[in-house]
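Following: one structure in structure tokens, then a few remarks.
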Amino acid sequence: MTHRDSVTLPAPQMEIDHIGLSFGGVRALLSVTFNIYPGTIQAIIGPNGAGKTSLLNCISGLYRPQQGQIRFEGRNIIGMPPHQIARLGIARSFQNIELFRHMTVVDNLMLGRHIHMRSGIFSGGLYWGRAQREEVEHRAFVEQVIDLLEIQSIRKKMVGALSYGLQKRVELGRALAMNPRLLLLDEPMAGMNTEEKEDMARFILDINEEYGTTIVLIEHDMGVVMDISDRVAVLEFGQLIAYGTPAEVRSDPKVIDAYLGREHAMPRM
Amino acid sequence: MQSGTFHTTYASDVSLRPYWPQRIRIVIVLALALIFPWFADRYWLNLANTIAIAAIGAIGLNILVGYTGQISIGHGGFLAVGAYTAGMMAVHLGAPMWITIPVASLFTAAVGAFFGLPSLRLKGLYLAIATLASQEIIIWVLTHGKLLGIGESLSLPRASNNLFGLPLDRLGNNDFAFYWVCLVALILTVIFVSNLFRTRAGRAFVAIRDQDIAAQVIGVDLFRYKLLAFATSSFFAGLAGALTAHYRGIISWERFTIDTSILFLAMIIIGGLGSVSGSIYGAAFMTLLPAFLSNLARALSDVVPNINSYLPYMQQGAFGLAIILFLIFEPEGIVKMWRNIKDYFRLWPFSY
């Protein structure tokens, strides 16, 4: 994996600019500022409760931060409803799987095509002309995603009946079916065994390389994070305490403090 | 040797009835439906028409409750809007039914979308109470409607039962003629709704039911689709109401009270939530059950005198009992029982 030199960085795809979010008296995010560069894989790490998921929720429009701006390709997206943010090309998966459990895998992925389709109640009900053509066209795209994620054998299964690891994969597939420019993954490998984690890491790298999709992932497995990310942002108690390449972040004393505790970082005599 | 059905195109893979036994079954059911009225007397034709109209209404309610997950106990009110719109057009404008029925359905869709506005803020039981309010508001308007020129009851001119210039009387008696109208309306409803739920908008409805937050994040506009669900659901309620108005010839608000709303909810729960065929089974069950009980009572009237005076209580008790038994033993409804039977025979003689 090539880590990009900080001198020759391209224009950022997303600028997270002094984001502040609080719930009543609880301050979840404090003036968080960093950039996300196109075509990279960026990780957000930090201890539990650091505000990682809150930050993703701000990006996808589920939370509305009180301060700051989030600019996607130059445009401020704070205040836009989630479905419009999705239309800009931002997709995400959730920490606790949020699939449509009573639908098949194919239907879940077809819902990922929702923003690219046009047919409405009337044309859909008549199933004539455009609606019919659209179903077949977008099904072909969905099949590409099914091939990429190697879930051919379960395409007609009800999602609720699948194992946890497969559900995580289907959820990634649904986000991917949106053909996003920015893909936000909230703990895509949580609760997986080593083999499943390796599969998932491979899929993430494949997506990044084949489609050129920018990927932001929250992950606790440091081995995976350091291996596949181009840049890492570290949050603690709602504040950004470090941001840089994996090597920079790994040797940052503040990060060592946050993860290992101060005493361990002090020289012992 | 080919050991299964293999699809070679996506178009064949997404077809509604991919297997030949299913197609043959459809043909048989349609053939029976075409033969039925020539042999049935008016009593059975009346039951069949009642079932068909109830099935259209139940499919409408299922779009909202079963597919989109928005609980509504205001369906009776929307049936009333359809019935009164058609009735007033027939009475005051002398409009024929082929105009009144589509207009009433569209108007009811608009009213439904309006009363669906609270669904943007409310979920579950809270929404149910808001729809209860819409039910009561509609009935209040009908009973105090002199201000708006609505009578409490309407009697439709016979001449309004006219399809594109063809008076329905020409086809035969009222029950026989309306059998065809109701059958065509039901078939069109079934086709439309089945198609709807294999395309984009229908999938968005189901997404809202299963996971509304995820639905938003993949780009489903909750505001728009919840209102569309209310509108589509109410469209079919309006259709059922308008058909009722023309078929019965007389309408009054008592036919559309909260009891009716709950009856329709019972139909889709017993038939199967989120299923078009389940809505039809539920409508048939809830229509045939009281008919069966009154026939039973007539048969027993020699043995048990006065049984007819208990009949209304027996019917209500049977409704309650049926709902409780279904909730306990087959919460997924008749449609699931039917599927179990089919699975049993498909795997026969093996039990796995």
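Cβ from N, Cα, C; glycine included.
Below 8 angstroms of C-beta separation, residues 17, 48, 176, 179-180, 183 of the same chain, each at least six residues beyond the ends of the transmembrane segment (B:24-40), sit close to that stretch. The annotation transmembrane segment is assigned in TrEMBL to B:24-40 (among others).
The feature transmembrane segment is assigned by TrEMBL to B:46-65 (among others). Tertiary neighbourhood of the transmembrane segment (B:46-65): same-chain residues 36-37, 40, 71-72, 75, 78-79, 175, 178-179, 182-183, 185-186, 189-190, 193, 196, 205, 229-230, 232-237, 239-241, 243-244, 247, 264-265, 267-268, 271, 273-276, 278-280, 282-284, 286-288, 291, selected by CB-CB distance under 8 Å and a gap of 6+ residues from either end.
For the transmembrane segment (B:72-91), the residues of the chain that approach it from at least six positions outside its boundaries are 57, 60-61, 64-65, 97, 99-101, 103-105, 107-108, 111-112, 115, 127-128, 131-139, 142, 149-150, 154-157, 160, 230, 233-234, 237-242, 244-246, 251, 253, 255-265, judged by C-beta separation under 8 angstroms. Per TrEMBL, the feature transmembrane segment maps to B:72-91 (among others).
Residues 70, 74, 77-78, 81-83, 85-86, 89-90, 131, 134, 137-138, 160-164, 168, 181, 226-239, 241-243, 245-246 of the same chain lie 6 or more positions beyond the ends of the transmembrane segment (B:97-117) yet place their CB under 8 Å from a CB of it. Positions annotated as transmembrane segment by TrEMBL: B:97-117 (among others).
Sequence-remote contacts of a segment are chain residues at least 6 beyond its ends whose Cβ falls under 8 Å from one of its Cβ atoms, and for the transmembrane segment (B:124-143) they are 70-78, 80-81, 84, 111, 115, 118, 150, 152, 253, 256-258, 261. Summarising the annotation, TrEMBL assigns transmembrane segment to B:124-143 (among others).
TrEMBL lists B:177-197 (among others) with the feature transmembrane segment.
Here TrEMBL flags B:262-293 (among others) as transmembrane segment.
Here TrEMBL flags B:313-329 (among others) as transmembrane segment.
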Other parts of the chain folded back onto the transmembrane segment (B:262-293), taken as Cβ under 8 Å at six or more residues beyond its ends: 47, 50-51, 54-55, 57-59, 61-62, 65-67, 73, 75-76, 186, 190, 193-194, 197, 206, 209, 311, 314-315, 318-319, 322-323, 326-327, 332-336, 338
